[in-house]
Amino acid sequence: MMPLQSAEGQGGLKTGFYSSSCPDAEAIVRSSVKYYYDNDPTIAAGLLRLHFHDCFVQGCDGSVLIKGASAERSAIANRGARGFEVIDYAKSQIEASCPGVVSCADILALAARDSVDLSDGPSWNVPLGRRDSRISLASEVDLPSPFESIADHRQKFADKGLDDQDLVTLVGAHTIGQTHCQFSSYRLYNFTKTGNADPTISPSFLPKLQNICPVDGDGSKPVDLDIDSQKKFDVSFFKNVRDGNAVLESDQRLWGDSVTQKIVNKYAGNFKGLLGVRFAYEFRRAMIKMSSIEVKTGTEGEIRQICSRFNYY
């Protein structure tokens, strides 16, 4: 898919940042992501989520990639995070070509873009120039949770300079996402201790979810967040939210809020082609905005030699 028109990021980022210093950087990241994607298409959602989790803690600075007992990566909210090996592989390839030039934070931003593109979603020119952090603390991880209200999510997004349009658009990444039964089973059998299922789940969808996540079943069993087309980046996720077919309670709650409902409905509409283009455009815009959160540039931070650990001088 051809990239959409270029756009500059905020905070000193710019497209083509490595055009002279490491001209093959983007191609190397792309080939690395494709190598893993061809073996397991679900890695795309993992890489996209990894970038989101990075940006929402200290900004987009590669802090989620650091290994360590007290690092972000070890936080409860990141226990299901995956795709680290893809970033490490891409970094090793880039270091062999142009050592000490390309940050892990930029590799992660590029990998997220390539993951969407490989999943038949939009592409965009990623503004680059991020530097890697020298701090990574699990205690600072406070990510939006599937158990939280829309008000909680709205506040966490607002704290990062993101509005309701960004919130709904970025949650649309769940079109290629997965969760686990432990995050949705409570909706299926004894919701709020009533003995019944969550009433916002459509009657036709409930038995499908119960079949995937039986009572007292394996909580670690994966569940596609977009049952209809989990490997394709499209607008069916929003149709599912509209129709009561969302897997996560927080996703379904987008339909229960008057503001977010209008945005969901706009994306879901009846004209799939037209609305697909609109979502593609808005997702590209929201990703560029999100990937510019609290970035470190210039002489801030460092360019890590290995993405999973800080440099030592």
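Including glycine, each Cβ sits where the backbone N, Cα and C put it.
Where the annotation comes from TrEMBL, it is an automatic prediction and has not been curated.
For C22-C98 (among others), the entry in TrEMBL reads disulfide bond. If you take the C-beta of C98 (disulfide bond) and look for same-chain residues 6 or more apart in sequence within under 8 angstroms, you find Y18, S21, C22, D24, A25.
The feature site 'Transition state stabilizer' is assigned by TrEMBL to R49.
Taken from TrEMBL, the feature active site, proton acceptor applies to H53. Using a 10 Å radius centred on the Cβ of H53 (active site, proton acceptor) and all shown protein chains, the other Cβ atoms total 22.
The feature Ca(2+) 1 binding site is assigned by TrEMBL to D54, V57, G59, D61, S63, E72.
Residues or ranges marked as disulfide bond in TrEMBL: C55-C60 (among others). Annotation for C60 (disulfide bond): spatial neighbours H51, D54, A105, L108, A109, R130, M290, S291, S292, I293, E294, V295, criterion Cβ-Cβ under 8 Å with sequence separation of six or more.
Counting every protein chain shown, 30 other Cβ atoms lie within 10 Å of the Cβ of C104 (disulfide bond). The disulfide bond annotation in TrEMBL covers C104-C307 (among others).
For H174 (heme b binding site), the count of additional Cβ atoms within 10 Å of its Cβ stands at 25 [all protein chains shown]. As annotated by TrEMBL, heme b binding site applies to H174.
Taken from TrEMBL, the feature disulfide bond applies to C181-C213 (among others).
D61 (Ca(2+) 1 binding site) has C104 as its nearest neighbour among the recorded positions R49, C104, C181, C307, going by CA to CA distance. Distance noted between the C-alpha atoms of G59 (Ca(2+) 1 binding site) and H53 (active site, proton acceptor) is 9 Å. Among the recorded positions H53, V57, H174, C181, none has a Cα sitting within 10 Å of the Cα of C307 (disulfide bond). Across the structure, S63 (Ca(2+) 1 binding site) and C55 (disulfide bond) place their CA atoms 9 angstrom apart.
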